[in-house]
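Database features (Swiss-Prot):
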- 1-20: transmembrane segment (TRANSMEM)
- Arg106, Leu112, Asn287, Thr358, Arg359, Arg382: substrate binding site (BINDING)
- Cys441: heme binding site (BINDING)
Amino acid sequence: MAWAALLGLLAALLLLLLLSRRRTRRPGEPPLDLGSIPWLGYALDFGKDAASFLTRMKEKHGDIFTILVGGRYVTVLLDPHSYDAVVWEPRTRLDFHAYAIFLMERIFDVQLPHYSPSDEKARMKLTLLHRELQALTEAMYTNLHAVLLGDATEAGSGWHEMGLLDFSYSFLLRAGYLTLYGIEALPRTHESQAQDRVHSADVFHTFRQLDRLLPKLARGSLSVGDKDHMCSVKSRLWKLLSPARLARRAHRSKWLESYLLHLEEMGVSEEMQARALVLQLWATQGNMGPAAFWLLLFLLKNPEALAAVRGELESILWQAEQPVSQTTTLPQKVLDSTPVLDSVLSESLRLTAAPFITREVVVDLAMPMADGREFNLRRGDRLLLFPFLSPQRDPEIYTDPEVFKYNRFLNPDGSEKKDFYKDGKRLKNYNMPWGAGHNHCLGRSYAVNSIKQFVFLVLVHLDLELINADVEIPEFDLSRYGFGLMQPEHDVPVRYRIRP
């Protein structure tokens, strides 16, 4: 009894200490909301459904506010007119490295000496643009053709059933892996292509197990069983992507060669290089499959949109100088001449891309808002932008923002629509699936080309149908807010076959 009383007294004293040290709002700071639970604050609400929670907070406090989340003070900014003041701020004031390094170490067990994301991006940029982008695009088309049509041919004639997310994710990740990390042999033979399909399928299925547990891993909420499984999956991926294994592969990308040289120059061990390569597999391939899933699902659920995209692709084929059966790549000028498909992709990403854009506040600073207001931010706090809520789902910017409209990003003359407004002012940032500012996605062009090539191959070479035409669009897996493209709560069954 005495011990119980003592523990109760200690708990009460601890609670009083926490309450006495609770932060108060200073003049010039954003509205402060600490929640009702000391230290935790709104961690449970935020983790359960970030979009719904932040919507409620915006209704309560406006487009900027500070909340307590698991001992951290997070200032949330939801005014897209003011985003540029954040994303282009120098690292000496708002740092985007610290959080990236934290996730790199926590999720992927990667520790790199003297690591600088900015230096790495500057180096990688050269391998993802211009002539190198053309080489990646051509290799991606070849590999998509090999895995998509190779698997379908191997499975035999007739219909084949699988989930649409599995369908999109597996083919895009497998082709992307072969494009960046290399193929079995050159010149390619039927045997080597079969080996590529088997090996890339092994990589995908192992990676997918990691991907499913990633939100729990990032939040430190894995069960004991999950932790054991995660250790096993990571070990398997490290073996599959070890530098020694990759050294035997042919036609490796300039991106891979440059990245491995970068790691070697930093003195990184081969074991740590393998871990870094798993991280890069997720960073380069983890969003394309889910993006293609939503795009294809919206097309399958919207006959008018599907007909418009098919019509555009048929027009491209009609203008081509060779039959589609002999097409070995889609030239960049063709990929850049698909305004309808571009609009469909932009609309699909608007509805489903939900990354967090974060900055660590390095020094006390005054942040200007676009409307003339100014708010003081404290050193040590975190600043969070969530474009999914605004601009992407903002009813002031988009009519019926929850509804898929395939031509939302098209002008009446068929050109790309870029004029969107909020509060009577034209928006610079009206759709932000690729991030912005200093951490804008370098691989955007490669990803867009890959998704468009995949859609082209699917619609031209395959019949693809929903098994249940009346199936509802699935809800989001709410645990994935902040990680890029949302994934569905459950997969959607489809069937496909090679066109006769």
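A Cβ is built for glycine as well, from the same backbone N, Cα and C atoms used for every other residue.
Location within the structure of each feature annotated in Swiss-Prot.
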{"residue": "Arg106", "record": "substrate binding site", "Cβ contacts under 8 Å, 6 or more apart": "Leu217, Ala218, Gly220"}
{"residue": "Leu112", "record": "substrate binding site", "Cβ contacts under 8 Å, 6 or more apart": "Met104, Leu263, Met266, Val268, Met272, Ala276"}
{"residue": "Asn287", "record": "substrate binding site", "Cβ contacts under 8 Å, 6 or more apart": "Ala447, Gly484, Leu485"}
{"residue": "Thr358", "record": "substrate binding site", "Cβ contacts under 8 Å, 6 or more apart": "Phe96, Tyr99, Arg382, Leu383, Leu384, Leu385"}
{"residue": "Arg359", "record": "substrate binding site", "Cβ contacts under 8 Å, 6 or more apart": "Val86, Glu89, Leu94, Asp95, Phe96, Tyr99, Arg382, Leu383"}
{"residue": "Cys441", "record": "heme binding site", "Cβ contacts under 8 Å, 6 or more apart": "Trp434, Gly435, Ala447"}
Simplified to three states, DSSP reports Arg106 (substrate binding site) as helix
Arg382 (substrate binding site) CB neighbourhood, other CB atoms within 10 A
20
DSSP-derived class (H/G/I helix, E/B strand, else coil) of Asn287 (substrate binding site):
coil
